[in-house]
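Annotated in TrEMBL:
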DOMAIN    40-289  domain 'Nucleoside phosphorylase'
BINDING   ARG80, ARG124, ILE125, GLY126, THR127  phosphate binding site
BINDING   GLN203, ARG205  substrate binding site
Amino acid sequence: RENFIHLCNPHLEKMKEDILYHFALGTGTHDFPALFGDVKFVCVGGSPSRMKAFIAYMAEELGLGGPGCDYPNICAGTDRYAMYKVGPVLSVSHGMGIPSISIMLHELIKLLYHAKCSDITIIRIGTSGGIGLEPGSVVITRQSVDATFKPQLEQVVLGKTVIRSTNLDEQLAKELMQCSKEIGQFNTVIGNTMCTLDFYEGQGRLDGAICLYDEEEKLQYLKNAYESGVRNIEMESSVFAAMCNLSGVKAAVVCVTLLDRLERDQISGPHDVLVEYQQRPQKLVGYFIKKSLGKV
């Protein structure tokens, strides 16, 4: 059973029914193996609209749908998260920040377990701030690091600090990098991703409501991050990596950079350019999925 989801929770076996409250799904009301048993690829991202656009893109790429097709939200009974499915691909929104994606992942991992899914690959696609990269570059995460550049997630459980590894699947990262070379449409690098608890002070911005450091201190911090191997900054990768590791799931993080934080703090540029940037991770992951299914 090594290719099946591993649940690090013996208490679940004693439960007659498992209610995935934030998905509005439950084992007593839904047939998980029938609904999700064929899933092999799960893609997660912050925005519900982006994840709906991704599933429409995948449907067309896999020949399972076309323009004008509608893809219902499986989690329509709640407004917390959105979930879409086409063929072996599941697309789920996770909101913004570690707490939001953590809640979603607890229920997603249980969903995949109850559905008896095997050989699952989970990929987070999203946007980020780059460090020393041209805007529009795509970063495939080697490992997620915290704001002190350590590859770990520090979490308090029952009043005690627990440290969890945030390494990601090295072979999967290499396969994604090879896919980007085959596409040949945009710059892609493998590097460390810094995961912060905040968008403003936590990422060294000068434009928040509170800022008690100067520009020189900010730039020195970002340069230190670059020298440690960090190439982009976002707010979800650490808990994503840690939870996928504990569940025995192959995982990757693929994020496009919308700006170079060594140059500026605020995202600017034409709307159509930013939209095209945001499509780059889905193009890369879509190509990877097609290649994995022998459709390239």
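Even glycines carry a Cβ here, placed using N, Cα and C.
Predicted automatically and left uncurated, TrEMBL annotations should be read as such.
The candidate set comprises the binding-site residues ARG80, ARG124, ARG205. Of these, ARG124 has the most other Cβ atoms within 10 Å.
A straight line from the CA of GLN203 (substrate binding site) to the CA of ARG80 (phosphate binding site) spans 26 Å. In this structure, the C-alpha atom of ARG205 (substrate binding site) lies 24 angstrom from that of ARG124 (phosphate binding site). For the binding-site residues ILE125, GLY126, THR127, the ranking by surrounding Cβ atoms (within 10 Å, all protein chains) places ILE125 first.
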